[in-house]
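J.: According to TrEMBL:
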type	residues	note
REGION	1-22	region 'Disordered'
REGION	48-75	region 'Disordered'
COMPBIAS	63-72	compositional bias 'Basic and acidic residues'
DOMAIN	117-300	domain 'Brix'
């Protein structure tokens, strides 16, 4: 409100006058009835919040620089990941029981270098163009993989043919409404079989600033945050898809990154700018997986024995509870 002279408090000619407070502590945007005005004031309020946050950040930085070595350690921000509910099945690398299981499980021949991965990539019945292109690009990422398209042939009939032809793994890409939406990974000849929901599929042409086509070099494989017994099994399944001896001269790396039980796949190439600086260049494709079930043995939808099934209403009781 204006005083008798018609001036607004805080906006006089006196340079020492205090600056007008835009939003008092009791300010509430929801009290504004006009929709357009409410939206405008909300944007102004968010802008002020960002300015205050940035000013506080600069102030703390100056204080830390002034203190030098005496500055207190930075506080670790609280995130859903580091506030994770403890899982009893978390794997200890030095656990003798885990080491014994690894030496005797279905993937032991691969890690002992007794078998070389040979992958069959197939699709749901009569796939559309996008799924076909995704399978072709996936075959350039996984060495020694072969793409065959199904035409009415059941998976139970495909698996014996794969075993007879010495395939070590079977990958099935399912689609819905012309979009890839599922992945079945079956380790041959004795399983296990994992079923994933697939989302956020991006082909090479849809990735910005992508690199040139990948070479035929065997890529390096990085597995991040597979910490539980279930996650350990899934990580070994992914590792068994790639030959055990990467060719580092190709500078290619395939990454499976688990975050909040979502598995993000990225395929990159290292770009060495100097002896100390290294950049990465995405090659594609990219996609995200969410584990739905893990089944013992090969694929059997009717009589298969499941090790783990994701039951959303029973398992997702806390945002900080993760299974991988």
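Each residue, glycine too, has its Cβ placed from N, Cα and C.
Not measured: the values here are computed from a predicted model.
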J.: Roughly where does the domain 'Brix' (117-300) sit in mean pLDDT, to the nearest integer?
T.: 91
J.: Using DSSP, break the region 'Disordered' (48-75) down into helix, strand and coil residues and give each count.
T.: 23 helix, 0 strand, 5 coil
